[in-house]
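> Below you will find the structure I want to go over with you.
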Amino acid sequence: MDAPATASRQPIAEEPRMSQESSLSTVSTTSLVFDRLHEHNEKSYHSSSQRRRAPSASRGGYADHPDDDDDDDESYKEADTNDLETGPFLAPASVMMRRVGVDRGLKKVILILAAAFLFAWGAALFVFLSNKSYKHASTIDHDPSATSRGSGKPVTLDQVISGFWYPTSHSISWIEGPNGEDGLLLEQGARGKDYLVVEDVRSGNKDSQVSANVVQSRTLMKNPWINVGGRQLAPSDTRPSKDMKKVLVSTDRQRNWRYSYTALYWIFDVETQTAEALDPEHPDGRVQLATWSPQSNAIVFTRDNNLFLRKLDGDKKVTQITNDGGPEYFYGIPDWVYEEEVFATNSATWYSEDGKYVAFLRTNETGVPEYPLQYFLSRPSGKEKPPGEETYPDEKRIKYPRAGSHNPVVDLLFFDVERGDVFSVDIDGGFADDDRLINMVLWANDKVLIKETNRVSDIMRVVLVDVVARTGKTVNTIDVGELDGGWFEISHTTQFIPADPANGRPQDGYIDTVVHGNGDHIAYFSPMDNAEPVYLTGGDWEVDDGPSAVDLKNNLVYFVATKESSIQRHVYSVHLNRSDLKPFTDTKFESYYDISFSSGAGYALLSYQGPKIPWQKVVSTPSSPVSYEHVVEKNEDLAENAKKYELPILNYGTLKVDGVELNYVERRPPHFDEKKKYPVLFQQYSGPGSQSVHKKFAVDFQSYVASALGYLVVTVDGRGTGFIGRKNRVLIRDHLGYWEAHDQIAAAQAWAAKKYVDPARIAIWGWSYGGFNTLKTLEMDAGRTFSYGMAVAPVTDWRFYDSIYTERYMRTPQLNPSGYDQTAVSNVSALAGNVRWLMMHGVGDDNVHYQNTLTLLDKLDLNGIENYDVHVFPDSDHGIYFHGANRIVYDKLSNWLINAFNGEWLKVAGAKPIVEPKARV
């Protein structure tokens with residue numbers, strides 16, 4: 001069978017581990033010894049004729065200190081570059097050696113012994129090779145759990161940036177059949193097939209038991225284009241109706257924000273293979289969102305922020321549902337902050353299963369302040385400047401609610417398709433308009449379950465609305481701030497469980513992720529208004545994705561959790577009555593899995609993401625009556641590359657800080673030697689609930705630094721991050737940046753005490769929240785542990801960031817003024833205590849505004865602080881890509897770090913002019 005759906009090369013965030021398939025063979029050991037003999041001889045030769053000053057732990061004790069006038073022997077430097085770990089990127093300390101004369105007789109004895117040794121070694125090598133025991137390192141499978149590496153090439157920065165090391169992955173567009181058939185997928189653009197085809201995932205399998213139940217494939221679109229009015233248009237996206245008689249096709253898509261876009265929409269008829277405009281009277285009207293009715297008889301869509309309905313009953317008339325949509329009123333779609341922080345999608349429209357009602361969000365941005373984004377080279381507004389004004393920058397103004405400012409006012413409205421009217425349902429005891437966040441909307445037959453919180457996200461109301469009776473009530477109120485001082489995270493995995501008395505489900509219910517004990521677990525609420533659930537999971541571990549799927553026939557709930565280890569992920573199932581919790585994946589091996597289930601949960605795309613080379617399979621689940629397995633991706637090319645290149649040695653462990661066990665991964669250079677003194681780069685993100693230490697396979701920038709530059713790279717997930725217990729997560733509330741920085745400093749102090757670490761050369765870096773915590777760490781440490789730092793797109797004051805994210809962790813500036821003062825990067829005198837640091841930012845960043853960097857620069861100017869470098873990128877957003885900027889970011893990080901660890905930045909402070917260059921001898 002062809003690989004289902006679309007293959008893509010996806011970056012995966014971390015380095016892996018592999019099972020210990022094979023230890024070092026005799027030959028690889030011999031190779032290592034041979035390499036070290038050569039290395040020893042070469043170094044001994046140069047050290048006998050060259051004096052080098054060993055650095056002390058003090059600031060002035062760098063090997064490349066500007067006062068080291070005797071470090072000018074070019075022959076030494078040239079030879080030294082052959083060792084990646086002591087070459088141009090790493091200036092090692094050497095001990096002083098004296099030349100000792102040797103008499104001729106002793107020389108003769110030494111030569112005879114050397115000749116005998118070489119003869120014996122050659123004979124042993126001949127026997128060794130003749131026994132065919134030799135295996136070159138490039139033929140040995142990559143083992144991420146290995147404690148040493150063989151020979152190979154270093155990882156390059158070009159490879160990391162180009163995607164050379166990205167595992168190939170596939171996604172499946174699972175689709176439910178018109179009659180509820182399970183295991184169907186949507187194939188688009190598959191080689192040798194029609195353009196859009198519905199396939200049974202088991203098609204092509206020769207097993208008679210499997211093939212007997214395969215649903216016949218069905219072509220929806222033959223060609224990779226549609227003809228409209230004599231024009232051939234290429235689809236940007238395709239969405240079949242549930243009955244598979246029509247396809248909603250979008251063309252000419254234009255991006256707006258992270259998830260949102262506008263496009264032209266067309267209705268494609270499968271039988272006639274013809275297309276017509278979604279709105280025949282406005283065929284070129286750009287649509288923001290279009291959604292099928294579950295009954296396949298209508299499409300609801302948003303255009304110009306108003307909601308419309310197109311019925312497919314032969315009448316091509318379009319009904320306008322709302323009329324006052326515009327720049328400040330949105331219907332059926334989220335505004336910027338709800339798209340970014342709440343729904344993580346471009347949709348705020350929800351159809352009832354019977355197609356009789358449409359729930360949609362109304363967003364009023366009238367009171368939300370605007371933030372101007374300036375573009376100096378591009379014109380994202382699409383507006384041409386009038387003659388004579390072409391040199392002025394383009395400007396895009398977005399309604400961006402910052403912490404403490406006015407939030408958009410949101411309401412949930414309903415459209416009765418049969419009556420044609422819009423209505424709302426008032427609920428007693430609700431949050432005030434400026435204090436209400438609507439986080440989730442879920443249809444449950446003719447009822448709607450709504451989760452809303454106050455704006456600081458520590459009180460939740462669960463509301464149940466009866467759309468037929470047009471009434472509603474609050475069924476549960478939870479004050480988690482009172483419970484543990486924490487907050488509610490937004491979840492989109494809540495699933496409706498319809499009643500089935502014959503199958504042990506007497507009433508409707510739902511499954512949700514809830515706070516239970518010291519973490520996130522899944523619970524079953526039934527009936528719908530029950531506030532006391534059955535907890536399906538519990539214990540000293542957490543559910544990461546749940547419910548991932550529900551098999552209603554067998555009452556099985558699938559989920560992904562950290563039950564084996566906080567840095568692993570396995571898939572499990574549990575019965576709705578809480579019995580029979582068992583793993584679906586093999587838990588005997590360290591693994592990190594992701595999974596995508598078919599509509600009926602009978603099949604799944606199982607993605608193994610590490611620590612070995614990633615692979616993917618389509619498999620049957622315990623819910624399927626027939627066993628099935630098909631390998632989709634082996635990543636054989638990646639496996640071959642991993643054999644040929646020297647990937648870092650991965651050392652996983654835990655570090656105890658203030659009694660809390662923190663996960664870490666230490667990436668060591670391929671030929672790590674505990675007798676050497678290594679610089680250390682700490683890389684972290686540190687954001688609330690995030691995780692950077694895990695068992696995924698990844699070869700990334702950190703891998704390049706360890707492999708090619710020869711530095712140690714350490715990642716420690718400090719308090720505030722995810723999956724180390726809720727108590728350790730919510731500790732950071734009201735003072736972001738304090739415990740995160742504290743734990744990075746504690747980790748750096750632990751590494752500085754190690755014998756193989758040069759304590760004078762320790763740096764830290766991060767992007768976004770990681771950039772913020774880099775600066776907070778440098779500020780708190782004031783140069784006592786960290787010498788250098790690199791911050792990309794950092795927040796420097798949380799009063800500048802969006803309200804929904806910030807207030808969840810900090811509450812409002814009005815409620816927590818001292819917290820905001822303390823969390824801002826403001827102690828610039830402490831920053832002056834570091835040797836040097838780097839800051840980079842995109843001028844067109846719509847997420848973390850460039851104002852963050854400019855404000856910090858002004859504080860530095862006011863205090864005369866100059867020990868930093870800045871690089872800004874015009875027109876780049878938070879990802880920094882405009883005009884090849886992303887490559888420049890990583891080039892800058894790499895080169896800046898090399899200069900830092902080579903001691904070059906020590907020469908910048910107090911620089912003195914050289915009137916006449918020093919003559920070379």
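Using the three backbone atoms N, Cα and C, a Cβ is placed for every residue, glycine included.
Per Swiss-Prot, the features are:
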- 1-108: topological domain 'Cytoplasmic' (TOPO_DOM)
- 35-45: compositional bias 'Basic and acidic residues' (COMPBIAS)
- 66-75: compositional bias 'Acidic residues' (COMPBIAS)
- 109-129: transmembrane segment (TRANSMEM)
- Asn131: N-linked glycosylation site (CARBOHYD)
- Asn364: N-linked glycosylation site (CARBOHYD)
- Asn577: N-linked glycosylation site (CARBOHYD)
- Ser768: active site, charge relay system (ACT_SITE)
- Asn827: N-linked glycosylation site (CARBOHYD)
- Asp845: active site, charge relay system (ACT_SITE)
- His878: active site, charge relay system (ACT_SITE)
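Where in this structure would I find these features, and how exposed are they?
Under DSSP, Asn364 (N-linked glycosylation site) is assigned to a strand (E or B) in the three-state scheme. Residues near Asn364 (N-linked glycosylation site) in space but far in sequence (CB under 8 A, at least 6 apart, same chain), listed by position: Glu328, Tyr329, Pro408, Val409, Val410, Asp411.
The C-beta environment of Asn577 (N-linked glycosylation site), restricted to residues of the same chain at least 6 apart in sequence and closer than 8 Å, consists of Gly504, Val534, Asn555.
The C-beta environment of Ser768 (active site, charge relay system), restricted to residues of the same chain at least 6 apart in sequence and closer than 8 Å, consists of Tyr685, Gly687, Val792, Ala793, Pro794, Val795, Asn847, Val848, His878.
In the three-state DSSP classification, Asn827 (N-linked glycosylation site) falls within coil.
Counting every protein chain shown, the number of other Cβ atoms lying within 10 Å of the Cβ of Asp845 (active site, charge relay system) is 21. Secondary structure at Asp845 (active site, charge relay system), taken from DSSP and collapsed to helix, strand or coil, is coil.
Around His878 (active site, charge relay system), a 10 Å sphere centred on its CB holds 18 further CB atoms from the protein chains shown. According to DSSP, His878 (active site, charge relay system) sits in a coil region rather than a helix or strand.
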> Sequence gap of 6 or more, Cβ distance under 8 Å: name the residues on the same chain that satisfy this around Asn827 (N-linked glycosylation site), in order along the sequence.
Glu779, Ala782
> For Ser768 (active site, charge relay system), what is the secondary structure by DSSP, using just helix, strand and coil?
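Looking at the DSSP assignment, Ser768 (active site, charge relay system) belongs to neither helix nor strand, so coil.
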> If you average the pLDDT over the topological domain 'Cytoplasmic' (1-108), what number do you get?
35
